[in-house]
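Listed in TrEMBL:
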- 9-18: compositional bias 'Low complexity' (COMPBIAS)
- 1-22: region 'Disordered' (REGION)
- 51-69: transmembrane segment (TRANSMEM)
- 81-102: transmembrane segment (TRANSMEM)
- 158-179: transmembrane segment (TRANSMEM)
- 191-214: transmembrane segment (TRANSMEM)
- 235-255: transmembrane segment (TRANSMEM)
- 267-288: transmembrane segment (TRANSMEM)
Amino acid sequence: MSEHAEMGSSRAARTTSDAADDEFERLEAAEPEANPNAPQRHPMLHRLLQVGRVFVVLIVAAAVIYAMVTNWDQILYTFRVLSWKSLLAIVLALACSMFAAVKVWQHLLAAMGTEVAFGHAAQVNLVGQLGKYLPGSVWAFVIQTQLGKRFRIPRARALVALLLAAGMSIVTALTVGAFAAQPLSERWGGWAWLLLLGPLTLITLAPPVLTRIANLAIKLMRRLQLDANLRAKHVLIATGWSFVSWVFLGFHIWLLTGALADQTLRGYLLCTAAFALAMAAGFVAFVLPSGIGVREAILVAGLAPIATTKEALAIALASRILFTIADLVCAAGGVIASKVTLRRHGEHEARTVALSEHRTPKP
């Protein structure tokens, strides 16, 4: 009896696997067709834009390096006043925020019908995000979609999930940023209260709205669109993980401020809100590697109620240094997590199905 059960289970598993393979091949076979009527980009204009982008990156990088050199004593002081336990806690908090971001991407993929093991998602996401340090954050998306092919993650869905994750980070950042309205009102005046409008952007994360946004992105790539709404359960979980990432990111700034900050819930909320707004601005400034320069400027402005400009700049630059270290550590951790997943469970490929298969049957 048990032998028959095992045979049935094995047959069902093969059927599910075959269906997933068919859906993957269907999505990947839908290659975009060239539009003969599309305007051709002039080679000279393209070259000038590339040169201009590199020039902007070099100018901003030079400004950041100059700021680091002129404020090096303050940066060293910031590190010096922190114990090794605090520094370890900061790097750990950053690592937790990055793994929370992996969960966001993993669940957004699942919301579109592609399920991938966390270990493999970590390798793709954490290794691929190192591309953000290259001019033009588009490299991070390119690298991650290419890495995803190894685990049979459809390229279009991988890219759309990354774009949705970035958009979700901005929305949740603007929501968290509302906590900075009252502290910043003393310096920014009435403009600070506009931050209270941030939570209104949460409406864009409603599954029907998010599905339209996803299909618009897929349409621009001339790929097969989603055949049903994104799975609400996974969208909700992804949103929760996005907020969790800000909890850890705010904690690392709160620890960096040390004795400068109000070591209470109020001080923590200000640090979290200020960094969330800084990261959102960095996301928007996608031309610059990892939002360099923009992130620091907004963070300095956000920390104004608890730190001088010189102190806040030192904190921002110290955060940048620790962030880079955490990125490298987590990239290595992602590779290890993928290998452990493969060794323990033998899971190698993502499972992709049509969303219409998950519609709730009508009574």
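In case you wondered, yes, glycine gets a Cβ from its N, Cα and C as well.
Where the annotation comes from TrEMBL, it is an automatic prediction and has not been curated.
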Query = In the same chain, who gets a Cβ under 8 Å from the transmembrane segment (158-179) while lying at least 6 residues past its ends?
reply = 101, 104-105, 108-109, 112, 114, 124, 140-141, 144-145, 148, 195-196, 198-199, 201-202, 204-205, 210, 213-214, 217-218, 221, 238-239, 242-243, 245-246, 250, 269-270, 272-274, 276-277, 279-280, 283-284
Ask   = Apart from its near flanks, which chain residues at least 6 from the ends of the transmembrane segment (191-214) lie with a Cβ under 8 angstroms of it?
value = 111-112, 160, 164, 167-168, 170-171, 174-178, 180-182, 184-185, 226, 229-232, 235, 239, 273, 277
Inquiry  = Let me spell it out: take the transmembrane segment (235-255), skip the flanking residues so only those 6+ beyond its ends count, and list any with a Cβ under 8 Å from a Cβ in it.
reply    = 82, 86, 89-90, 93-94, 96-98, 100-101, 103-104, 107-108, 111, 165, 168-169, 172-173, 175-176, 205, 207, 210, 261, 267-269, 271-276, 279, 299, 303, 315, 319, 322
